[in-house]
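K.L.:
Here it is, the structure, as structure tokens.
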Amino acid sequence: MPATETADKNTKSANSDTSGRVVRVTGPVVDVEFPRGSVPDLFNALHAEITFEELAKTLTLEVAQHLGDNLVRTMSLQPTDGLVRGVEVIDTGRSISVPVGQEVKGHVFNALGHCLDKPGYGEDFEHWSIHRKPPPFEELEPRTEMLETGLKVVDLLTPYVRGGKIALFGGAGVGKTVLIQEMINRIARNFGGTSVFAGVGERTREGNDLWVELQEANVLKDTALVFGQMDEPPGTRMRVALSALTMAEWFRDEAGQDVLLFIDNIFRFTQAGSEVSTLLGRMPSAVGYQPTLADEMGELQERITSTRGRSITSMQAVYVPADDYTDPAPATTFAHLDATTELSRSVFSKGIFPAVDPLASSSTILDPGVVGEEHYRVAQEVIRILQRYKDLQDIIAILGIDELSEEDKQLVNRARRIERFLSQNMMAAEQFTGQPGSTVPLKETIEAFDRLTKGEFDHVPEQAFFLIGGLDDLAKKAESLGAKL
């Protein structure tokens, strides 16, 4: 193992077990005074024993700033109810650490590494600091291998990279969490490796639903879950992604495994950082975000990478505030990604699920040198037809479709079939739709859309293409509507 990684492991420093006193409490921000020469380092974890409503608990604080005069400003990772001036605070001499190892699979942890489904579990495991350096440049191994999902719209138009960073962008209520759960169902089942899920500032109910679904799918035994949901203080929501990533890094670096890392939602990580920055008194930057936004995002994203023979494949849901893609939070995320899947409200309103906007989504490996000439040609033809259809929308709305040329009429009819054929029943929605989820092999997807763009299915009614899988499903539905392929 490289020396830098060894240094990142959880080792105590010389000034451990030094105690200070609380001098100021402002919500989750706590100022602590230490004896001269014993001021803890930045990111050190401090412990304070408090009693609130007759319950004793240990409060964890993280050093965020050195104020001078032996004062440090800390951010609490738990509610500070019951914490008062004068309470003793112990410097642990190390940063926050989480348990790592094969035994963390099948369990739920919080940002501090405490097991939630089995209290006390994992305390005797090896612990790694959540603040680690990314792998050295010479160890990186960029990949261009495609990760097949079985979803037509993804595999054809925005192919995912194995060992890459993939993001699902969308506003409120367009299906980001459902699509993340769908990817867990599809990829984790077929992947056969280890998955780590980070619930960052999202709904507690969704975390519980995921836990139950993973149990039912028999995938939980290969999955570690780390939650810091929206009812937690901002310090926890800011650190939970790092805690989950640290567990994933152990599987990559020590076990030599390919790992899937799911993060829902990366925007909440940014939002928590903004709250922390304001509480610490920093001057806000654009749109009120923290001035350190790009730095914090980079520290997280640069650690999600592939090294020699091993990889972390990351899928991140990204909430887009008010559907504004120029907002600094989603805009900062874009720079780090290999593939983007954008979920659109206009596609959602048509009842097409997953509500992916094929013209706004992209992938770095949609290149003939990677996916092959045929895949690239078919994908570009589909995009061309959909783009031309979009360009004609205003003319159709004002003058009507009858004013178009015969060639454009044919293109519009073909585009409408393509739009509907990009929809698909999902495994994560089976309980709501009553329809089983479908998986379509990449080869069949390419063949089907190739035939569709060439006009072989122009005689098949539009409704035959809606929410189906591959060519067999299309043939059955077309036959039920009185048409043959």
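Each Cβ is built from the backbone N, Cα and C atoms, and glycine gets one as well.
Pasting the feature list from Swiss-Prot:
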BINDING   G170, G171, A172, G173, V174, G175, K176, T177  ATP binding site
COMPBIAS  1-11  compositional bias 'Basic and acidic residues'
REGION    1-20  region 'Disordered'
K.L.:
Taking the recorded ATP site as G170, G171, A172, G173, V174, G175, K176, T177, identify the other residues of that chain whose CB atom sits within 8 Å of the mean position of the site's CB atoms, giving them in sequence order.
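P.N.:
Sorted by sequence, the hits are Y319, L343.
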K.L.:
Report the member of G170, G171, G175 (the binding-site residues) whose C-beta atom has the most other C-beta atoms within 10 angstroms.
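P.N.:
Top count of Cβ atoms within 10 Å goes to G170.
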K.L.:
Would you count the other CB atoms within 10 A of the CB of A172 (ATP binding site), including those on all shown protein chains?
P.N.:
11
K.L.:
Write out the long-range same-chain contacts of T177 (ATP binding site), meaning residues 6 or more apart in sequence whose Cβ is under 8 Å from its Cβ.
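P.N.:
Listed in sequence order, they are E202, E206, D264, N265, A317.
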K.L.:
Taking the Cβ of G173 (ATP binding site) as centre, how many other Cβ atoms lie within 10 Å?
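P.N.:
So the Cβ neighbour count for G173 (ATP binding site) comes to 10.
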K.L.:
List every residue in the same chain as K176 (ATP binding site), at least 6 positions away in sequence, whose Cβ is under 8 Å from its Cβ.
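P.N.:
Residues satisfying the criterion: L168, F169, G170, D264, N265, A317, V318, Y319, L343.
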K.L.:
Report the same-chain neighbours of V174 (ATP binding site): residues 6+ apart in sequence with Cβ closer than 8 Å to its Cβ, ordered by sequence.
P.N.:
L343, S344, R345, F348, A355
